[in-house]
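Feature annotations, reproduced from TrEMBL:
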TRANSMEM  48-69  transmembrane segment
TRANSMEM  81-102  transmembrane segment
TRANSMEM  108-128  transmembrane segment
TRANSMEM  140-160  transmembrane segment
């Protein structure tokens, strides 16, 4: 499969769009932002966080897009899902961590739990479909399990966090 350059460039632009918001609130951010990247729990300097996460996710996006060219993927919707998964995760996580840095009362667990539930639900949709020509789809029961877990995670995130 050919690499879709227009979609790749558009997804990289979407990954870097939250930088505009980060730079607009740069003066209000604390010196250390807790993004759970260093394991010490202290956080990382805001200069490093603002740029490091975007560079890291851009590299991950390039790797994800390259892996779609290795084997022929039959389901074109799955290719679009893979191309837009990293920008979606980036937008939610990056902005929620910035908002958490501004206000520690921000419900970051609720936002990220709902995002995880949406991704699990999308994965359950693709489990029963034939993605690659030489592989069979997963059992339908596994898709039901993923769908159930995503529903429970959504409800728990919505009402308990």
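Each residue, glycine too, has its Cβ placed from N, Cα and C.
TrEMBL labels come from automatic prediction, so no person has curated them.
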Among 48-69, 81-102, 140-160, the stretch with the most Cβ pairs under 8 Å to the transmembrane segment (108-128) is 140-160
State the non-local partners of the transmembrane segment (48-69) in its own chain: residues 6+ outside its ends, Cβ under 8 Å from one of its Cβ atoms. 1-4, 8, 11-12, 15-16, 18-19, 22-23, 26, 33, 35, 37, 79, 82-83, 85-87, 89-90, 93-94, 97
